[in-house]
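Worksheet for the structure shown next.
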Amino acid sequence: MLEEDKEPNYYTAGVGEYAVFNCDLDFPHETPIPYILQWNRDTRTVFSWYDGHVTVDNSYKGRIHLLDDAGHRGYGQGSINLTNIRESDQGWYECRVIFPNRTPNSRNNGTWFHLAIDGMSPFPTTVAGETLLAIPPVNKTAMEGDTVMFECVAKGEGTIVSWFREGVSIPEIQDLRRRASIGTDGTLTIKSAAMGDLGEYTCMVTGETGDQQSASAFLNVQYKAKVIYAPREVYLPYGKPALLDCHFRANPPLTNLRWEKDGFLFDPYNVQGVFYRRNGSLYFSKVDETHSGSYSCTPYNELGTEGPSPLITVIVQRPPMFTVTPQHLYMRKLGENLEIPCDARDGDDSHRPTIMCNFFLRKDGAPLSLERTVIIGGNLTIERIQEHDRGLYQCAASNEAATVVADTELMVLNVPPRAPYNLSANSSKNAVTLTWIPGYVRPKMEYSVWYRPTDTSEWRTMKILSRKITEATVNNLNSGREYEFMILSQDKHGDGMFSKALRIFTQPSSIDENSASEYRSQQDTEIMGPPRNVRVQATVEGYLVTWEPPDLGKNLVRLYTVRWYRGPSEHLYGRAETTDTYYLVKTLEEESFYTFEVAAMSLIDDVATSERVSLEVPAYRRNRAISMGIVAGIGFLAAALAAVWWARKRFCQPTNEK
């Protein structure tokens, strides 16, 4: 295709915006060879590139750049990015590639672009209007101490130009307002640029009618690498890892950092156990006495250095050592007093370190009670212990080198359990299954279910024997009736508080009990029967409960619920749900009597419960001990008989009389 036949590309951009001109390079035979890239505007070359050397027209300096990583962005290798667009940028642009070592030296890869400027702004305008900016600011790079000027030329008269840095008005920035001024033409001048001036500057133009338009530019302040802070003394803990930092700033970035110790070059590569960090800090894997001395650091970048840091005296000190530590666990009753001892000394016995006691409950950092706690010489005394005093305590001993800690825990006894919470329920026609979350997790917590129909005042109770179960099923309820439930927690210290009451209706019966028997017989096919042939047998892994699906309504079963009760009472001991026709109960207490039942739940939550099956778990351990005793006795008796036989054969040989 000839250059004249190529369709031009049309772009539109607003003042202060940017535009990317996409230009592909057409190499002969698709083989890269040396080339010159030229971007022309009105027969004038505004940008050229050859072998890494860039030439830019004065009116485009700081605003036109070769697009980095163009191939990965989907652009051609000759693409450019024109930023901070001005009204004067409108016109025709041509991308042309010249091959200096080839004849002919050009190919049909010239591409034409037309850039049109409209009145749109990269920032929202309060009122739509014409373009207010004629020349927006451009990015600047300056050395520290230089004077920087940002142009912002507005169109027309009666416009107001305001300047902002990082969104804050220049007059409101205390350090900058003394060195910055805004000219009558809107130009921002910053004298003695400092490294803190780096950032984005925005020019806001407001017209007579309230129209606003803005454009931004970035100021990059460069300076030699410099040390901004150096402590006079640094304490490093003996025998522990430590860091020695060099606090510096550098723009351009750091290229080298030199450490000296006692006036000589300190090269970590030649010192065992000392390493450079990426930021130039010294890392000591294990501090010893040879690491003490006077250090200084000197940072470098492409521009050089402002010089070394002041001397940093490194003192190697041994961390504190505890002479008295608290116990790991303290148990006290409500109202009692507790003294937690703690004492420490410096590792080199030079002086006593600072000892602090910090209290934190769970992870919320609750403070010590000022009215009931006393700290004397590191010992913490808590008077009249209350429930919220339980938790973790930490004794910390500190010196200039390190901080060591010792932890302990206080457990408050005879505290009634808190009320269970998050009580929820699922109902069927004749049963309600409850679940809850314990207020406290304790090893011997027991629960009772209190329930009643809401139209009566008499409460019924059902005790849950198993301490690990936080759910219960209340059976034999009337269908279609509202019930109220509460959970009471109990332990050896007494009853706790009731959970919040929960009301729920049981499911209405799907069959009208008052209907004629002829009608019920027509619905028999929709009734689900109970599971059949429930059996429980002991296995190596536990107790296997098996059953057969219902004869009636087998296809209606959604899941099975296995329940087992301990003792002759109706107290639930365990519960599990499964879709299989078997379930393995892994553990049961020995010398106990259990009853098992399996309930089938239908797709509409109807429940049919099987007949109960009994199981007596013998005392396996006692029987095992008796068996082992019998075996041991038999073995001992056999050994004794063998010994007697051997003795008789050895020492009681018959003598032959002559």
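Heads up, the Cβ atoms here are built off N, Cα and C, so glycines get one too.
Taken from TrEMBL as is:
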DOMAIN    16-97  domain 'Ig-like'
DOMAIN    124-220  domain 'Ig-like'
DOMAIN    225-313  domain 'Ig-like'
DOMAIN    320-411  domain 'Ig-like'
DOMAIN    416-509  domain 'Fibronectin type-III'
DOMAIN    530-620  domain 'Fibronectin type-III'
TRANSMEM  625-647  transmembrane segment
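According to DSSP, the domain 'Ig-like' (124-220) comprises 10 helix, 43 strand, 44 coil. Using DSSP to sort the residues of the domain 'Fibronectin type-III' (416-509) gives these counts of helix, strand and coil: 0 helix, 49 strand, 45 coil.
Across the domain 'Ig-like' (225-313), the DSSP tally of helix, strand and coil residues reads 6 helix, 45 strand, 38 coil.
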